[in-house]
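Features reported for this protein in Swiss-Prot:
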type	residues	note
REGION	23-172	region 'Pectinesterase inhibitor 19'
REGION	215-510	region 'Pectinesterase 19'
ACT_SITE	343	active site, proton donor
DISULFID	357-377	disulfide bond
ACT_SITE	364	active site, nucleophile
């Protein structure tokens, strides 16, 4: 008994020392249980520095994921004959395995960054914060997407356990924030080692020159090396730190394109957003899982899309149907058209930048949990299914420590020619998760937007915890006198507040965007 009391005493001292118990860890019981588990394998836990403890937690979590994957696969084989929806289970299993591999990759990269000599400058800190946030996003995506049934009942408790562990890791990480370290002021952060090197292929402002030096060419008329986009992507090297450019000539490419996370630093460049078109019509009505409906899904870090169209033609009656899903860190979409209806653009996770794009849809047509900034984009609401309202954003930040949010800056928010603004209401956003974070700044807002501006997801959920902001917008829809009265919504007056949602602050863009050679505005 004395041994147990002493162990628990040491545990509580440890938690106080590392600043987790009171200030950083919301789930106290999970923190205690997990740290007890770690204590069993470490006789000197109370003496370990916070960063070292976090590394232990992450390594432990990677091992846990391996155990969970093996257990789920074995369990699924044993119960396969009991499943009523084998096709759905196969789809769920594929998604589960993809998400688990993604989380392992992010945790391993986080450990490497924590062990690196640059930590904790601002650049390396934001890298780890991004990746650990994305781990939680992947787990939550699994729970959201896996269909109801025996498979989900077996998997969900394991996912809940992984979520608790990921939240503990994130809480530990927050406790070693460098923001109070004055020594960091003079540090110039660097891009992570896997981000592409700057060479002659990175002169993106000269699109014609870039096409001429592309690694491969795709053409419907036979003038390129490949006739399909997928064939060209298959030819790209794996785990490359050098940029691989694919030029896709004018044409309509009817195919489902998936860029795996083993193919970083990939550029797709077309002849223009009205000339090079990748299209499909998958929707939740025939594919079941929104995550898998994307016409183009990019999971690779450092992805860049230029001068092309990503289209989903499923239509307003088919439910969620993604045109473009982006799940890779430090991704850029430049001068592209994203065209769909519900959930048209899915910035799923990690850091993303959209510049001079045309984005059109209906319900939640910019949705996800990425850290994403949209600059100089045309955001166009179109006619939805009868009885529906349009909602532009559905940002899904689930926990306060997660690093995510959307900024719409210097964009035009308007109606398509087919939208009946007299009968269809359009809103700037609604909270997919309770800490949903969106800022609309310095933009033109047309009269299509309802005077309330924002709409609830369900009842009062998240209205006091969300972070919805507006700043210096103009146009008939920008009048804020009749906006919602939620405590989580604010009209910003102070430019210092608005600065927190800029490329430099929200996206940490100065550490990586300049390497892409895509134009951007760092501040207001």
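From the backbone N, Cα and C atoms, a Cβ is placed for every residue, glycine too.
These figures come from a predicted structure and were not determined experimentally.
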**Message:** Roughly how many Å lie between the Cα atoms of the residue listed as 'active site, proton donor' and the residue listed as 'active site, nucleophile', rounded to a whole value?
**Reply:** 5
**Message:** Just to be sure I understand the packing, how many Cβ atoms besides its own are within 10 Å of the Cβ of residue 364 (active site, nucleophile)?
**Reply:** 24
**Request:** Give me the Cα-Cα distance between the residue listed as 'active site, nucleophile' and residue 377 (disulfide bond), rounded to a whole Å.
**Result:** 17
**For residue 357 (disulfide bond), nearby residues of its own chain (Cβ under 8 Å, 6 or more apart in sequence)** = 273, 333, 334, 335, 336, 337, 338, 374, 377, 378
**Item:** Count of other CB atoms lying within 10 Å of the CB belonging to residue 377 (disulfide bond)
**Value:** 24
**Request:** Find the average pLDDT over the region 'Pectinesterase inhibitor 19' (23-172) in the predicted model and report it.
**Result:** 79
